[in-house]
Amino acid sequence: MIITTWIVYILARKGVGLPFLPITSSDIDVVESEAVSVLHHWLKKTEEEASRGIKEKLSINHPSQGVREKMSTDSPPTHGQDIHVTRDVVKHHLSKSDLLANQSQEVLEERTRIQFIRWSHTRIFQVPSEMTEDIMRDRIEQVRRSISRLTDVSAQDFSMRPSSSDC
């Protein structure tokens, strides 16, 4: 009955000129917004840390340039100047009332950091197909041994049980 219904449905769709499987729009981009925002955030953080590291190395190699950079960061920014502010700098310069106002942002940032740490501990290893086959064979052999062990144990239990005629 069910098979007949499906056949009638398919033939009816084809008879009308419609394809059996309705055409769906596959042009929709699926984006995991949380993952994208976390990666974007941590890419910015990494760039800031790398920039800071480079500036520190430059200031060690060229002390006069480092003083000039430090002086320029203390002055108010001019139009078009890039400013990189890290969370540590913000914590030192903000008052407690400002921190309370930005508490939700800080909580969000902390959650993002924790999520990134979790993701960074997740590793995906690609295993060659030969290894997969070897592993599968080993696993099948383990299962066979455990089944044969269970069968031996149950056979021993059965042979040691008193039969109904012995009672």
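One-based numbering along the chain as shown.
From the backbone N, Cα and C atoms, a Cβ is placed for every residue, glycine too.
In the transit peptide (1-24), helix, strand and coil residues by DSSP number 15 helix, 0 strand, 9 coil. Annotation source Swiss-Prot lists transit peptide at 1-24, citing sequence analysis.
Annotation comment: Swiss-Prot describes S26 (among others) as phosphoserine.
Look at S129 (phosphoserine): DSSP puts it in a helix. What Swiss-Prot lists as phosphoserine is S129 (among others), and the listing cites similarity to another entry.
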Number of Cβ atoms other than its own within 10 Å, given for S129 (phosphoserine): 7
